[in-house]
Amino acid sequence: MARPSSSSSSMAILALAFLVIFTSSSSAQLSTNFYSKSCPKVFTAVKSVVQSAVSKERRMGASLVRLFFHDCFVKGCDGSILLEDTSSFTGEQTAGPNNNSVRGFNVVAKIKSQVEKVCPGIVSCADILAIAARDSTVILGGPNWNVKLGRRDSKTASLSAANSGVIPPPTSTLSNLINRFKNKGLSVKDMVALSGSHTIGQARCTSFRARIYNETNIDSSFAATRKKSCPFPGPSGNKAN
Ligand code: HEM
Ligand SMILES: *[C@@H]1O[C@H](CO)[C@@H](O)[C@H](O)[C@H]1NC(C)=O
Ligand SMILES: *[C@@H]1O[C@H](CO)[C@@H](O)[C@H](O)[C@H]1NC(C)=O
């Protein structure tokens, strides 16, 4: 009777091996059908909330795209930007590139609760951000793409990482921009294409006033147009498309 016992123990070893492989591989491939069995309704759930948020305020589509970018550039697309400060860490939300600037957290919370209704405990917030950014882009008339899924949510966030310059400031030189994207595996072409996302949304005058008033390597009629909506000296709260 040695056979059954040895085959059941090799089954156990096999099961253990799978367990080890699947729980220890943090670099597993993302896939477009990650939730096709566990949460096929995720796409309609996310889209309905994004649609209603963008109908209320078109800019929200832009804000959701940027939220995804700022999440991804700090330690990967792990939802860490969504984490509020706790007693054990100060998160990313008050970092220079984010404070009083990134928005859309309430919409993400609404999406999450809608997704939890259709499949509780399945979909990561990091994946929700990725889907919401795509849906926003499509709703505002941009390109469509299939979103690869399977990201895991971070349990921590880091203010210092978010402030370290990995999200390049608007005062960056071209070579800094190129390097910051290169560090994420993105080419110059990728960077230019992704920057096209600035055709939607708004920026605070404080983000670009110095450039339109003091720099010469900028299209002068564009600078003149921008100066109208961003007088100097002028109110600090102004924004421009
Ligand atoms: C290339 C380097 C980049 C720089 C230096 C940069 C800088 C900025 C700045 C300064 C603002 C205005 C923020 C404010 O005043 O509150 C802004 C807004 C925005 N950025 Fe970028 N950005 C970059 C790349 C990207 C990328 C890769 C994306 C997405 C693919 C993106 C999406 C957006 C969007 C959609 C807005 C408007 C957000 C809103 O209206 O809420 N940006 N960016
Ligand atoms: C973030 O913005 C708030 C509100 O304007 C401000 O009080 C705070 O000092 C800012 N935090 C940082 C780290 O800049
Ligand atoms: C332009 O540069 C001058 C001189 O450095 C400075 O005083 C002024 O504040 C700058 N203007 C803006 C809008 O940043």
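Note that Cβ sites are derived from N, Cα and C of the backbone, with glycine treated the same way.
Note that this is a predicted model, so its numbers are computed, not measured.
Lifted from TrEMBL, the feature list:
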- 1-28: signal peptide (SIGNAL)
- 29-241: domain 'Plant heme peroxidase family profile' (DOMAIN)
- Cys39-Cys119: disulfide bond (DISULFID)
- His70: active site, proton acceptor (ACT_SITE)
- Asp71, Val74, Gly76, Asp78, Ser80, Glu92: Ca(2+) 1 binding site (BINDING)
- Cys72-Cys77: disulfide bond (DISULFID)
- Pro168: substrate binding site (BINDING)
- His198: heme b binding site (BINDING)
- Thr199: Ca(2+) 2 binding site (BINDING)
- Cys205-Cys230: disulfide bond (DISULFID)
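Positions of the features from TrEMBL, shown on the structure.
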residue	record	DSSP class
Cys39	disulfide bond	coil
His70	active site, proton acceptor	helix
Gly76	Ca(2+) 1 binding site	coil
Glu92	Ca(2+) 1 binding site	coil
Cys119	disulfide bond	coil
His198	heme b binding site	helix
Cys205	disulfide bond	helix
- Which one is closest to Cys77 (disulfide bond) in space, judged by CA to CA distance, out of the recorded positions Cys39, Pro168, His198, Thr199, Cys205? Pro168
- Task: Using the centroid of the Cβ atoms of Asp71, Val74, Gly76, Asp78, Ser80, Glu92 as reference, list every other same-chain residue with Cβ within 8 Å of it (recorded Ca(2+) 1 site), in sequence order.
- Result: His70, Cys72, Phe73, Lys75, Cys77, Gly79, Ile81, Ser154, Ala157, Ala161, Ala162
- Neighbour count check, CB within 10 A, over recorded positions Val74, Cys77, Cys119, Cys230; minimum at Cys119
- Distance [Cα-Cα, Å, rounded] between Asp78 (Ca(2+) 1 binding site) and Cys72 (disulfide bond): 7
- Task: Select the closest residue to Cys230 (disulfide bond) from the following binding-site residues, measuring between CA atoms: Gly76, Glu92, Pro168, His198.
- Result: His198
- So how many other Cβ atoms are close to Cys205 (disulfide bond), meaning within 10 Å of its Cβ? 20
- Message: Measuring Cβ to any atom of ligand 1 with a strict under-6 Å cutoff, which of the recorded positions Asp78, Ser80, Pro168, Cys205 qualify?
- Response: Pro168
- Which recorded positions (Cys39, Cys72, Cys119, Pro168, His198, Thr199) fall within 10 Å of Ser80 (Ca(2+) 1 binding site) by Cα distance? Cys72
